[in-house]
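A.B. asks: Mind looking over this structure? Questions follow.
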Amino acid sequence: MDITIQHPWFKRALGSLYPSRLFDQFFGEGLFEYDLLPFLSSTISPYYRQSLFRTVLESGISEVRSDRDRFVIYLDVKHFSPEDLTVKVLDDYVEIHGKHSERQDDHGYISREFHRRYRLPSNVDQSAISCSLSADGMLTFSGPKIHSNMESSHSDRSIPVSREEKPTLAPSS
């Protein structure tokens, strides 16, 4: 059974109405009028329609899947290189940290940093966990599940991030 954890349906469909839209991982790329005043843009230009799913499709995707055989986390980290990322397993949690120093872009200078923490299922084999970064900036963290009644041993360790040359197919539900 494949379990996908996502935002509630009402938050996905009406994502542009929530102020938190400004603070997702799509930061630092400039703001549009509908980011600040979503109702004003439709009043001024009634023929202009922002996609209701823009938030989900274009912002930092974080998708967790847990099926019978493995546990997978997909995380959009397109602004970071493998050297900017740190992935650690600490007890029952995986912590992903990304930070890059100040860089110049079209609008000035920008620096980015994020922290994500996910709880690992107790039956994930922590010794076989892998992590890779695709060419399109999708970080894939995965670990196989143990099918016996034994629980996985817990240890604190860093997981190296390997670089893949091909893009990841976008995770789909």
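Placement of Cβ uses the backbone N, Cα and C atoms for every residue, glycine included.
Note that the structure is a prediction, hence the values are computed from the model and not measured.
According to Swiss-Prot, the protein has these features:
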type	residues	note
BINDING	His100, Glu102	Zn(2+) 1 binding site
BINDING	His107	Zn(2+) 2 binding site
BINDING	His154	Zn(2+) 3 binding site
COMPBIAS	153-167	compositional bias 'Basic and acidic residues'
DOMAIN	52-164	domain 'sHSP'
CARBOHYD	Ser162	O-linked glycosylation site
MOD_RES	Met1	N-acetylmethionine
MOD_RES	Gln6	deamidated glutamine
MOD_RES	Gln50	deamidated glutamine
MOD_RES	Lys99	N6-acetyllysine
REGION	1-63	region 'Required for complex formation with BFSP1 and BFSP2'
REGION	144-173	region 'Disordered'
A.B. asks: In Å, rounded, how far does the Cα of Ser162 (O-linked glycosylation site) sit from the Cα of His100 (Zn(2+) 1 binding site)?
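C.D. replies: Here the two Cα atoms lie 18 Å apart.
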A.B. asks: Take the C-alpha atoms of His100 (Zn(2+) 1 binding site) and His107 (Zn(2+) 2 binding site) and report the distance between them in angstrom, rounded.
C.D. replies: 17
A.B. asks: When you measure from the Cβ of Lys99 (N6-acetyllysine), which residues in the chain that are at least 6 apart have a Cβ under 8 Å away?
C.D. replies: Phe80, Asp84, Ser111, Arg112, Glu113, Phe114
A.B. asks: Comparing the binding-site residues His100, His107, which residue's C-beta has the most other C-beta atoms within 10 angstroms in this structure?
C.D. replies: His100
A.B. asks: Hey, does DSSP put His100 (Zn(2+) 1 binding site) in a helix, a strand, or just coil?
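C.D. replies: In three-state terms, His100 (Zn(2+) 1 binding site) counts as strand.
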A.B. asks: Going by DSSP, give the three-state secondary structure for Ser162 (O-linked glycosylation site).
C.D. replies: strand
A.B. asks: Using Cβ atoms only, which residues of the same chain lie under 8 Å from Glu102 (Zn(2+) 1 binding site) while being at least 6 residues apart in sequence?
C.D. replies: Tyr109, Ile110, Ser111
